[in-house]
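Colleague: There's a structure below that I have some questions on.
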């Protein structure tokens, strides 16, 4: 309901009090408005981040569903049936928004700021509100004793007209007639501010008085005056408030010291909350502004100051007047001079900035963590795509070698096996006879008095003697045969098993089953145990021979089963064995089992290969999505969150003199930013989405790199949404500023020793990039910067990418580009090639183009010549070893280029030799260009 009082205008009216200047209100409005703008950007980034993770989850679930339902029509088997599901589950499920961080960030973007006024009593709280608004809106006369005070919670918010109403916080307005509704008023009537003692309505007691005003400050932030302690404890008020608001807490003081009750209240606030507090000593009504230099003021201030230090709100290292410090974290302030209420804008800025910086940092950590996972997975997927086919081929080759070796053994060792069987029989004969003599028959009742038994019992006894001889003989022959091929089993089977284990790594359970089955076949095939089953030719041969013995023995008369009889049966069975036939049979069976196992192995390997083929196809698809969609999209969000953090901490940099222009940006001088001096600022306006993504990934790689003395430092980034008068969005990259680039240095003239040291510095920088998995792809004169001591640093990582994230795009500077760059299939050896060209310039001491390149009329002409083998010419000043190093580096075959770990000591040796010899014999090989 509207009151009849005169409404405040859009411009706040400055009251007579010492704190109510329009300047302070403008500063507060500017600070809270800035917070709202940056909070909006944070909210937008969080919303897009949540959408990104939802899209990843949907993609994961969709792929899993299509895999389980057999979509796509791909060939499936035990190895590939659920391989796609396993692939996605293993590589996408770990990419998710951590619930704790998401909840924290969502709470921050949902909470708008408010100024909360606490104080020693209700009068001083009302007085501070009037000072803040610059108008006398609340009565400052005594509302009653502090113990009997019933001031309800007050909320001041923006509206086009002045309006006073009762409402439950965050719920609905109460229908209640207020005194303010009944006539004109200058200050809100005391009756409306207090909870009436005789009112038993719980809703009425909990309700807050909501005042809407047309006021500049309230357009940006609500102001809440806490109820008196007797009505509701401050801790409870804060607890309700922090769920929906970010409180900027002010504490109004009017006494020279804190009472015991004040200290208890502040201790509880500090115990349950971590918010800083702005303590302000409100001047007494009607008093003049007290000279801050008086000793009385100093002593009073120091008493409050000491109390707040004891309570942990202030630190002895911070000046209590509220002057802003260098800390990024907001600190509590004590302002005892009423004319310095303007420091509230500094305090609120610190509180709001701390909140935003912490949130931006937390969000950026989520981005960077998931981005690193993407990049690591890209490496794993790329390696999987490269190594799995090689492993399968290696497994097939090694198994075939093992099969042929064992087959050769079976073919050529028949005579050896015959001799081995004869030797084994001779060695074991007595042992076998003794074992047969002492043998206890199963399922045959032998009369103890030596009476003859029937033919059936005789046959059973002879069969058991036969089985004993066969089992013992088989075991002995097998042991000797195994020892003859054991070295093959160790060298081949062990290697094969290790290779199979690598093939099953990171695969689904179904692939594990296939690989385990394959290993079982492998062990069964090559663990050479020569056992003769009842259907084998060896057993049939032995059985025929022993049947003849039975016929000779049994058809005369049924014998008595005595020790002598058992020995005689065993003797005749052993003597009737043919070693040559037995050897031939063993080798034949060995070959049969080898063939069978070899075929089973090959079939199972084909099955595994089919499973891997389907899996690798899915891996390649996922690898492409990671490189072209997931990682760039997340990198852009990461760039935005990090740039928000940087602009909050260090503000937007000021552009100085233009230093140079490149293909995608302009480089400016920047005197000072973020504590770094001097700086270079590269302003990049990405023309399209692809360039945005490339820039974002470049920024991530640069920020992820540890600092290195051979790389130019990147200090930070800021996104300028109003670049060029608001016509475009630019990314401002703030970097270390160096003296000049190598191109300029060579034109000015550098000594031989300096040039060779620069070459060593460049190699060291490239080696570091390669050690981090990165490929620069654009090593050239202008991308090597020199400091004042002419030590080199590599810059412009615009084309720099991890090998696994390279799409095969043609990038770089034509004369420094390796031939394989044009095919789209290349690795970090392209940097070795580019260094070879750079080294040509370094050794020449000039920036003049090589003749082979200078004759080219166009880039296409140059590229065609490079592909056909055109290289820089040898200059007369070149040292032989330098020329050989150049030629090796720019070799057309990437595999023949030297590793930089070999190039570096070679360069050091060249430098030691030439520079030492130059001091004695000038101009020996290379000009000393000065």
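Just so it is clear, glycine is given a Cβ too, placed from its N, Cα and C backbone atoms.
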Colleague: Can you dig out which of the ranges 322-358, 359-395, 396-432 Swiss-Prot describes as coiled coil?
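Modeller: In Swiss-Prot, residues 396-432 carry the label coiled coil.
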Colleague: Looking at 109-135, 136-162, 163-189, 190-216, which stretch does Swiss-Prot describe as coiled coil?
Modeller: 190-216
Colleague: Using a Cβ-Cβ cut-off under 8 angstroms and a sequence gap of six or more, which residues of the chain neighbour residue 665 (ATP binding site)?
Modeller: 682, 683, 684, 685
Colleague: Return only the integer: C-alpha distance in Å from residue 661 (ATP binding site) to residue 778 (active site, proton acceptor).
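Modeller: Counting only the Cα atoms, the answer is 16 Å.
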Colleague: Please state whether DSSP places residue 659 (ATP binding site) in a helix, a strand or coil.
Modeller: strand
Colleague: Can you grab the distance from residue 778 (active site, proton acceptor) over to residue 659 (ATP binding site)? Cα atoms, rounded to a whole Å.
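Modeller: Each residue's Cα considered, residue 778 (active site, proton acceptor) and residue 659 (ATP binding site) end up 20 Å apart.
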Colleague: Please identify, from the recorded positions 661, 667, 778, the residue with the sparsest Cβ neighbourhood, meaning fewest other Cβ atoms within 10 angstroms.
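Modeller: Comparing Cβ neighbour counts within 10 Å for the recorded positions 661, 667, 778 gives 661.
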